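Novice: Got a structure here, written out as structure tokens. Questions coming.
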Amino acid sequence: MSKPLLKKKTYGLLAEYDSARAIYHACEQVRDAGYKVWDSHTPFAVHNLDKAMGLGPSVLPWIVFAMGMTGASLALLLQWWTSTVDYPIVIAGKPYFSWQAFVPVTFELGVLFSAFGAVFGMLGLNRLPMWYHSLFNSERFLRHTDDKFFIAIEARDPKYDPQKTRELLERTGALHIEEVED
Amino acid sequence: MAQYQDELDPITGRKELVDGDNVTFHDVTEAVARPIEVPSSRWWIAFIPSVMLLGVYLISIAYLLYMGTGIWGLNNPVAWGWAIVNFVFWVGIGHAGTLISAILFLFRQKWRTSINRAAEAMTIFAVICALQFPTFHTGRPWFIYWPLPLPNQMEMWPNFRSPLLWDVFAVSTYFTVSLLFWYVGLIPDLATMRDRAKTPIRRFAYGLFALGWRGSTRHWLNYEKAYMILAGLSTPLVLSVHTIVSFDFAVSQLPGWHTTIFPPYFVAGAIFSGFAMVLTLLLPLRAWFKLEHIIGIKHLENMAKIILLTGTMVGYAYGMEFFIAWYSGNPYESYAFQNRLFGDYWWAYWIMVSCNVITPQFFWIRRIRRSVVWLFILSIFVNIGMWFERFVITVTSLHHDFLPSSWDYYSPTVWDVSTLVGSFGLFFTLFCLFVRYLPTVAIGEVKSVMSIANPHYHGDGGSHGEHH
């Protein structure tokens, strides 16, 4: 009983750089070569690298805005409903709907929901948590959280060609290029 | 003043934020991660006394639960004693962490990157300490969920017009948002710890919380946006929290409490005390963990300047309170302030003024701002002074209210003292565990403000005017 030999799939090519400056110019070249399914990996957010990669703005602010409005509206609705509809009671001679007194809780819940939107929205847009990723198969990639900078061009990019893509990455001044298994 | 000449960044012309020649990214990773991976035995010198104090706290709380709040020195009219004093003190401490992480971020103060992690941790632990006091002050902490708007068999709802209820929402939101902000900042650094881990347990533990972070630029794009939004949310939040804490006092009718100056005065005082606590914690930390080149003398000097500013604002508020007490022509208000100065608690008032008004004025002198020893000593005085400020506000107004027949003198019992001292045990134990297991400096953020992180950096000491 021998298992059929699984042919290992290729995730893509991983190129290594050693400075923010190098990865910045390399990204510009990969972008200009017309690749779409690729990414760069850096130990910190390199300023404007997203523009060098040709990425658009994040949609996160819209998620946060929607969440914040939801939180504030729910808070105001709760306070209005409990004090005018469900259990109307006169407190300190104030009207049932004394909205001035309801501002703090409305504000706090608006902030709370916005913060949930910001954090979980960010994780959702980034598809995190994702504890397995093909790039973690590369031993050298471990340095991406320390002092090395990487570009990964995926094999499923329509322009991907093992030979030509490798040549492009060599031209960008990569210090080391390797093929990563999926 | 050549002795104070700092090294300058070749591109921006500002002070280099990491000291030393040719510091690489790897050096920064090593400097921060090394003390966690190879712990120093000195850590126990801080940890063991902290745990002992935590024991004092647990015993105090156990006895409190057994006997009830009668073991404290509370009386009528002083029904708000040390518990509320300690609550306001600890919440205030927390505010510096949020100021550093949020407000300084929005003002693009890059020096914050080396201190924000520890300061945010301090915020979270301080708020944990703060929450203990109102919880146990209720007398029946197992009913602490009653302020929440939960449907119940009495079909009643909490009173949304009460500042005490606002406080529940404000402090719990503050705690949650601070925790989220701190954790978001930690994710890339947890990934650093994961990738350096030599043992499977460490790799698993750091890896679990790093969520599979892989430094992708597509991720950084959303991450940085989330970080900025959280900073933008935390800024009004932190101002609202101590404002609402001050409403607990200001919305009441008591002379000495019923003043409109309270919200800004409380916020300034909170930041003042919080920065003092940041200094108290960071000065030993940077020495023991050998982080003096990352948390440099310039960072300490900047913090001293903020203490000077906020301390002066607090001093102004003290003066303005007296002016208004006189100018309002209200005899009760005037009496409350005379009573502070010369009444039964005159000693507490003068401790407060000496520590909070006089101490920060030393920071006008540059040599003192840049002296580790002076900073440490003065930060302790500020901590003491700000505790006394809350004591003065709470107790002097309560013990002599409108009716002389109900006046009384309030003094704490040994259990009041042990609970306060014990809460420092809780705080320091949590902080010790933090410095033992988590990166005390935001590694990724510090790297991003080094001059070599700039995509225009050439390595030969200057930019050549490239534009993109």
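Glycine residues also receive a Cβ, built from the backbone N, Cα and C atoms like all the rest.
TrEMBL annotations: computationally assigned, not manually curated.
Reproduced below are the annotations present in TrEMBL:
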TRANSMEM  B:43-66  transmembrane segment
TRANSMEM  B:78-107  transmembrane segment
TRANSMEM  B:119-144  transmembrane segment
TRANSMEM  B:164-186  transmembrane segment
TRANSMEM  B:226-245  transmembrane segment
TRANSMEM  B:265-285  transmembrane segment
TRANSMEM  B:306-327  transmembrane segment
TRANSMEM  B:347-365  transmembrane segment
TRANSMEM  B:372-393  transmembrane segment
TRANSMEM  B:413-438  transmembrane segment
Novice: Against the transmembrane segment (B:347-365), which of these stretches has the most C-beta pairs under 8 Å: B:78-107, B:119-144, B:226-245, B:372-393, B:413-438?
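Specialist: Ranking B:78-107, B:119-144, B:226-245, B:372-393, B:413-438 by Cβ pairs under 8 Å to the transmembrane segment (B:347-365) puts B:372-393 first.
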Novice: Applying the under-8 angstroms CB criterion, which one of B:78-107, B:164-186, B:226-245, B:306-327 scores highest with the transmembrane segment (B:372-393)?
Specialist: B:78-107
Novice: Are there at least 3 C-beta pairs under 8 angstroms linking the transmembrane segment (B:119-144) and the transmembrane segment (B:78-107), leaving out pairs fewer than 6 apart in sequence?
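Specialist: Yes, since the transmembrane segment (B:78-107) and the transmembrane segment (B:119-144) share at least 3 Cβ pairs closer than 8 Å, they count as touching.
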Novice: I need to check the long-range neighbours of the transmembrane segment (B:119-144): which residues 6 or more away from its ends have a CB within less than 8 Å of a CB in the stretch?
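Specialist: Sequence-distant neighbours of the transmembrane segment (B:119-144): 61, 64-65, 68-69, 83-84, 86-91, 93-98, 100-101, 167, 171, 174-175, 178-179, 181-182, 185, 274, 277-278, 281-282, 419, 423, 426-427, 430-431, 434, 438, 440.
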